[in-house]
């Protein structure tokens, strides 16, 4: 069967360039382009073209999970869904597998404009929640954010990369962790970590917990100034359709799952949507600007 690929991601982004343009052309894929995401055209394209490869970003994977109009039949010809540009939560990947079937390989990856693609998940032995293993000719280490010392497995630090594209070690600014099998997981951006009473809190960790609540469709967490703690987390939350949940209920939910310094002491704001870039990455700086106006 000839390969057919969905071309929805922007071609000016490294993800779109590498996966859709370069890889797609290399394997002689038929690339069906959509100028932008629209629910009707997206579902129609899935039904009409029976894609074998579908490059997506985490918000679109989550959309498929929640959309009743997208069924397993829409993906019956698909063997691979690639996912990148932002961390994919384990819960979102698991829900996608439950809905669409394990015959679709969710291939998560990691890379940057400066390094190109450096990690990808193998079809055999892939682990949900990880962006994969190093590609050939690529080196990486997880370094202590303060000292630069190399860290062992399961310790969070900054990921440093060395590739044929880079002269020396590139300090990526991303917080990551790896396991004994060489699988890496991207946690957050260093500049987005929230420093609460000297503890470093990952906004993505809090968002992952929030997104497991059935009444929450989307969530964004930032740090806001606090007189005693330095910074504290604040959540901006989009409720699921027809769901009813209060700030008190969410705080009670979080108390049972996270340490005291990771609680939403900066409050909860309910919004209709969250600011994101064209690849679906949350724009925390826009939320920070909103928070500054609310102060």
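Cβ coordinates come from backbone N, Cα and C, glycine included.
TrEMBL lists 3-166 with the feature domain 'AMP-dependent synthetase/ligase'. What TrEMBL lists as domain 'AMP-binding enzyme C-terminal' is 205-281. Feature annotation from TrEMBL assigns transmembrane segment to 12-34.
Long-range Cβ contacts of the transmembrane segment (12-34) within its own chain (Cβ-Cβ under 8 Å, at least 6 residues beyond either end) map to 2-6, 41-42, 45, 49, 51, 53, 55, 57, 82, 84-85, 111-113, 116-117, 278-279.
Helix, strand and coil counts under DSSP for the domain 'AMP-binding enzyme C-terminal' (205-281) come to 19 helix, 25 strand, 33 coil.
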